[in-house]
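Enquirer: Feature table excerpt (TrEMBL):
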- CYS317: active site, thioimidate intermediate (ACT_SITE)
- ARG416: active site, proton acceptor (ACT_SITE)
- ASP261, SER262, SER263, GLY310, ILE311, GLY312: NAD(+) binding site (BINDING)
- GLY312, GLY314, CYS317: K(+) binding site (BINDING)
- 167-225: domain 'CBS' (DOMAIN)
Amino acid sequence: MATYYNEPSRTFNEFLLLPNLTTKECTPANVDLSTPITKFKKGEKPAISLNIPFSSAVMQAVSDHHMAVALARCGGISFIFGSQSVESQATMVRKVKAYKAGFVVSKSNLTPDQTLKDILDLKELTGHSTCAVTEDGTAKGKLLGIVTGRDYRISRDSLDKKVSEIMTPFSSLIYAKSGTTLSEANDLIWEHKLNCLPIVDENQNLEFLVFRKDYDSRKNNPLSLLDANKSYIVGAGINTKDYKERVPALVEAGVDVLVIDSSDGFSEWQKETVEYVKANFNVAIGAGNVVDKEGFRYLVEAGADFIKVGIGGGSICITREQKGIGRGQASAVIEVAAARDEYFKETGIYVPICSDGGIVHDYHVTLALAMGADFVMLGRYFARFDESPTKKVKIGNNFVKEYWGEGSNRARNWQRYDTGGKQSLVFEEGVDSYVPYAGTLRENLDRTLNKVKSTMCNCGSLSIPELQQKARITLVSATSLVEGGAHDVILKESSMAAE
Ligand code: RVP
């Protein structure tokens, strides 16, 4: 006879947090949102922790190298989508690892023989007013000088005046040698009142430019998620089919964390993939998705470093409709978190869990954490920002961005849904859609983090583990949901827009 679960499968919307005593030191500024992403032994520290409990989904419409840099700068991690060729995914990983916060590869370059007209054309094209002058006009060529907007006067100078006559020549430049740290570079910038400091190697070849404004932005990002070499930490999605080609290339590119991206991770294919990675590489790997304690145990025993939770809750996901499998996201997180705690008690090993999909309101993040998730993964949320890889389009009077599921025909990611058999997507498990455009990642994430921290203070908690221990969570009735929104008033237009 089949096994019946008598409790219905529940979503975040069905729960609320009850406040605990808020002490005076319990302020948002004092809340620490750091959280483990890889398993660790009791009393030890995880190899990798996030500074905020946010990851961006393994999706074409969400996580490329731009998203990865933007999110790591704020303290979270992106998992670069795996539904692309091994080479292009590895290139994206390489770009994130090569991105040195504050050190930029010069994007506007000239040769000394070019003219003022070329300078103006380049400025028009790139918007940059500082150009490097190199022997061969490349970003890494021998540095001969720098041109800035202060070096010429359009009204007086002839358009065919040579760059070599306009530039500040290398002999008069303040520059620094390879290996200079960002803080040393900043000291030079301040000391000499520079806007831009070139970094050159021992042969005078240009390596990077450090701009005053970038240093300031670095100082404004104290939570940046960096490795020991000060490169951003980045994740990447893999599948259970081509992992023997994909994983070596990603590891070679410098990936920090892998995750097997699948709608149903409770499978022998995942076990084999985790075992292969653990036996051959020194890289962290998460597995999933699962929705119960059995799935959790199975993947943990295979060696996974973290477990991803959730089937069918994604905003673009129609797996439940199509196949009738899945579980309400809250119920799944609650059960898997209990299994994680039980495993920790038994073995002294803590395996972090990630609640993946189904976050609609900011408070759902806080609920997921309170229910035991160590971090969350979001697709729709990040797809709305400038940094996501998709097109921004105007529909009517509103800007929207495209957002499609990995199970849609558009993504062609059959590996994510494969249960053996025909190597193609037999039917769709995801839709192609739009989401409202919301601006920059930074401004939106700051607002969400403020809400999360503020609710944590209401719950008397200054850290995620404290929240998980102290949280008091109640089910809501359908009528109390109505009570929770604005009700029995006539909304003014300004309030409707804010909804
Ligand atoms: P959401 O944040 O609700 O948009 O959900 C994102 C999650 O949805 C992903 O991390 C993934 O687990 C799942 N997903 C991605 N594609 C599809 C699909 O096409 N069914 N589902």
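The backbone N, Cα and C atoms fix where each Cβ goes, and this holds for glycine too.
Tell me what's around each of these sites.
Expert: Long-range Cβ contacts of CYS317 (active site, thioimidate intermediate) within its own chain (separation 6+, distance under 8 Å): SER263, GLY357, GLY405, GLY407, GLU429, GLY430.
Taken residue by residue with DSSP, ARG416 (active site, proton acceptor) is part of a helix. Every protein chain shown contributes to the tally, and the Cβ of ARG416 (active site, proton acceptor) ends up with 25 other Cβ atoms within 10 Å.
In the three-state DSSP scheme, SER262 (NAD(+) binding site) is classed as coil. Sequence-distant contacts of SER262 (NAD(+) binding site), defined by Cβ-Cβ distance under 8 angstroms and a gap of at least six in the same chain, are ASN239, THR240, GLN270, GLY288, ASN289, ARG416, TYR417.
Listed in sequence order, the residues of the same chain lying 6 or more apart from GLY312 (NAD(+) binding site) and placing their CB within less than 8 Å of its CB are SER263, THR319, ARG320, ILE325, GLY326, ARG327, GLY357.
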Enquirer: Cβ-Cβ under 8 Å from ILE311 (NAD(+) binding site), same chain, 6 or more residues apart: which ones?
Expert: SER263, ASP264, ASN289, VAL290, VAL291, THR319, ARG320, ILE325, GLY326, ARG327, ALA332
Enquirer: Over the domain 'CBS' (167-225), what does the predicted model average in pLDDT?
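Expert: Mean pLDDT across the domain 'CBS' (167-225) comes out at 89.
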Enquirer: Around the recorded NAD(+) site, report the further residues of that chain (criterion: Cβ within 8 Å of the mean position of the Cβ atoms of ASP261, SER262, SER263, GLY310, ILE311, GLY312; site residues excluded), sequence-ordered.
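Expert: Sorted by sequence, the hits are ASP264, GLY265, GLY288, ASN289, LYS308, GLY314, CYS317, THR319, ASP356, GLY357, ARG416.
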Enquirer: Using a Cβ-Cβ cut-off under 8 angstroms and a sequence gap of six or more, which residues of the chain neighbour ASP261 (NAD(+) binding site)?
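Expert: Same-chain residues close to ASP261 (NAD(+) binding site) (Cβ under 8 Å, separated by 6 or more) are VAL58, PHE79, PHE81, GLY82, GLY237, ILE238, ASN239, GLU406, ARG416.
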Enquirer: Once the chains shown are all counted, how many other Cβ atoms turn up within 10 Å of the Cβ of GLY310 (NAD(+) binding site)?
Expert: 29
Enquirer: Count the Cβ atoms, other than its own, that fall within 10 Å of the Cβ of GLY314 (K(+) binding site), considering every protein chain shown.
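Expert: GLY314 (K(+) binding site) is surrounded by 29 other Cβ atoms within 10 Å.
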Enquirer: Filter the recorded positions SER262, ILE311, GLY312, CYS317, ARG416 down to those with CB closer than 6 A to an atom of ligand 1; keep them in sequence order.
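Expert: Checking each Cβ against ligand 1, the ones under 6 Å are CYS317.
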Enquirer: Tally every other Cβ atom lying within 10 Å of the Cβ atom of SER263 (NAD(+) binding site).
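Expert: Around the Cβ of SER263 (NAD(+) binding site), 26 other Cβ atoms lie within 10 Å.
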